[in-house]
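What TrEMBL annotates here:
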- 248-295: domain 'EGF-like' (DOMAIN)
- 296-339: domain 'EGF-like calcium-binding' (DOMAIN)
- 299-339: domain 'EGF-like' (DOMAIN)
- 1-26: signal peptide (SIGNAL)
- 350-372: transmembrane segment (TRANSMEM)
Amino acid sequence: MPKVENRDTEVLLIFLLSWLVLPSTAAVNQTETLPGCQAKCGNVNIPYPFGIGRNCSIAGYTTITCNTTFNPPKPFLLGRSRYEVADISPTEIRIKNDVATSCHEQYSAARLTKDYGYIRLTGSPYTFSSTKNKLTAIGCDTLVVTLADDTHNYTSGCISVCDEKEDVVEGTCSGNGCCQTSIPKGLNEFYISVGTIYNYSKVWSFDPCGAAFLGEQDKYTFKASDFYNTTSLVDIPIVINFAVDNKTCKAAKRNSTAYACKENSYCIESVDDTGYLCNCSAGYQGNPYLKQGCQDVNECEDPNNNPCKGICTNTRGSYNCSCADDSYGDGRKNGTGCIKKAVKPPVLQLSLGIGLGLLFLLVGGSGIFFTLKKRELSKLRQKFFQQNGGLLLKQHISSHEESHISQLLDVGVVNEEKTEQVYAVVELAKRCLTLKGEKRPSMKEVAAELERLSGFERQSWVQTVQQSNGEHKHADEEYEQGDLYSIPVGSYSLNDTSGYYSMEKPMLHSMNVPR
């Protein structure tokens, strides 16, 4: 019983795996063939416009016959079992060739193998490639002749001879054991015949056979051992140029229904001008003969083939290489590259910096200007003070402190009972002589102080002064409230000289003079 369960499990797993694999296989096949068509015959891929069966190909001449009696199955071209297909590419088909051989017995002229070959592609847009195929003959007593159809009127051939085994030159077909010749362009039919001059009687000991074939020259390298193994030469393929229909691109485009090139593709003329072909446009890849067969190539996806040094952006059929925000230039690998931009401050920061700089210069310049101006005014005041006897007056006042002031005053004033008032006036005068303007009292302050000191009886004091000096006969009897009056500063003796100064007029004139 357990064995049955295991068997059922295995069957279920196989079924699930098959179900998972089949959809992905079908998806791959749909990119190369029409829906529902077989994509391979044996080991050979059959892409559209070719197809296995008439309904899977674009035309009868592209129909492939898959012979399943072989293992693995073998594909054949044009419904003929002689033209076995080895490979199909977008522009070329490779088929196995038809080798002509001629082998003789020693001392006999009997031919043991087929000495001719024949391939015909007429009625189709196929031609033998004149650039990739060569007519080749091997042997030391071999003569090969090739004939074309009546249309091309072509005949050619070559001779390969050598007397001794040592004369054979391997790796080249220069006439010693091997010879080659070209074929004309557009050939679609040929006949080859291989012969001998001396029936190999002179070289039979090392070369019993000769052979000739048309094949891809890059696939064959001559060896002396091929004299004994001519059957291996059939694997050298013949390259056939492929074309769709037998029309030019211009003529084919007139019939949009039959036109074979689908979207994202373009038409090109075939190599031998026997028809046209389709290619996917730049930036696309796939099958140009199928609808949506040409798909966009994402150049940015593959890091090894990324065409950009900078930022790669894929577009339909193309791509863009750009630089980062801090760079400029061409971001392609084969371009000039990305160059870093010079760092620039934002506009706001730049404007703010300029504004603050100008403000600093303005404030600093103004401060320097006013400081220099103040110093200049101070120097002018000091110079004026010195030039007008200010230093002398200051020296006199500073040399006589409070205890010596009485010597400078008039005796009559000192002897009165108003000494405190006199001392206050002298002190006020000292303050007015201070050099620093901020320490000197203003005129209003001086006037206020004098008005305070004038609290004594003005009228009697004025009369007393007039009598003592004998100089004034009339005195103003009316004084406005707050006006200054004559103040006898006093008489002082300096070197036995006394004088009397009146401050009335100077004080009146200087009321409105700033410090």
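Sequential numbering from 1, following the chain as shown.
Including glycine, each Cβ sits where the backbone N, Cα and C put it.
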Completion exercise
the domain 'EGF-like calcium-binding' (296-339) resolves under DSSP into 0 helix, 20 strand, 24 coil
Completion exercise
Across the domain 'EGF-like calcium-binding' (296-339) the predicted model averages a pLDDT of 80
Handout entry: DSSP residue counts for the domain 'EGF-like' (248-295), split into helix, strand and coil
Key = 5 helix, 15 strand, 28 coil
